[in-house]
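Lifted from TrEMBL, the feature list:
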{"type": "SIGNAL", "residues": "1-16", "note": "signal peptide"}
{"type": "DOMAIN", "residues": "6-224", "note": "domain 'Ion transport'"}
{"type": "TRANSMEM", "residues": "26-44", "note": "transmembrane segment"}
{"type": "TRANSMEM", "residues": "65-84", "note": "transmembrane segment"}
{"type": "TRANSMEM", "residues": "126-145", "note": "transmembrane segment"}
{"type": "TRANSMEM", "residues": "165-182", "note": "transmembrane segment"}
{"type": "TRANSMEM", "residues": "194-219", "note": "transmembrane segment"}
Amino acid sequence: MRTATYFFIFLNLSLALFEEPAVYPLPFLATSVLEVLCLLVFLGRLTHFAKVTLHNVFWKDTKNICIMVAILLSLTDLAIYGVLRMYDVRSIRWSRIVRPIFLINFAESRQIRRAFRSIRNTLPEITYVFLLFMFSLLMFSLMALKLFGERNLHTAEGLPYFRNYLEIVFDLYVLVTTANSPDVMMPAFDFSSWYTLFFIAFVIINTYIFMSLFLAVVYNNYKKHLKVMPRGAGD
């Protein structure tokens with residue numbers, strides 16, 4: 001039962017690769033039949049679980065309620081999407097976002113729920129570090145706007161360089177990952193090599209200090225919640 005449940009959960013999640021817009025497109029009829037099959041298996045598994053569980057215990061378990069709601073939403077969305085498709089009306093499959101509910105809430109997924117709960121408990125404690133990081137990013141973006149915005153600089157493509165605050169925030173956010181380094185600073189460097197000090201300071205503070213601090217806080221808090229979580233808390 002566990003192997004079959006995991007197989008159909010994996011199949012249900014994998015349908016996103018074959019549904020429009022798809023990586024490997026399949027006909028709508030094929031994906032819809034597979035999805036209905038998966039939902040019927042989930043419903044059968046839930047019905048089996050209800051028959052071996054006390055009635056009041058089954059209906060008090062929020063995991064079972066979540067699975068039933070997810071099945072209902074998926075079937076409703078599939079029916080609406082199919083009808084709209086018959087009339088050549090473009091629509092989206094909004095129920096895809098509920099598919100991970102099956103992975104988390106079935107009884108076989110106790111360890112996944114335990115990890116998910118630890119992540120959820122960790123989020124409030126890393127918010128402060130994230131806010132500090134965002135404050136640093138916004139302040140550096142403001143400094144970049146003041147430093148380069150009035151210099152009439154242009155990128156290699158001829159676009160205005162660092163004149164829009166929101167675009168600066170995005171470019172510096174990407175720079176935290178070093179994905180656009182050193183391209184992002186070349187117009188400033190061509191104007192004056194001293195401007196590299198700004199980008200060096202930004203990388204040191206945000207990439208090396210804040211990202212390391214962020215990772216340490218996430219790891220330590222996740223490990224703490226995983227250790228203190230009582231046995232069976234993932235049920």
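Cβ coordinates come from backbone N, Cα and C, glycine included.
Unlike curated entries, TrEMBL annotations are predicted automatically.
Small disclaimer: the values here were computed from a predicted structure and weren't measured.
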Positions whose Cβ lies under 8 angstroms from the transmembrane segment (165-182), at least six residues beyond its ends: 137-138, 140-142, 144-145, 189, 199, 202-203, 206-207, 211
Average model confidence [pLDDT] within the domain 'Ion transport' (6-224): 89
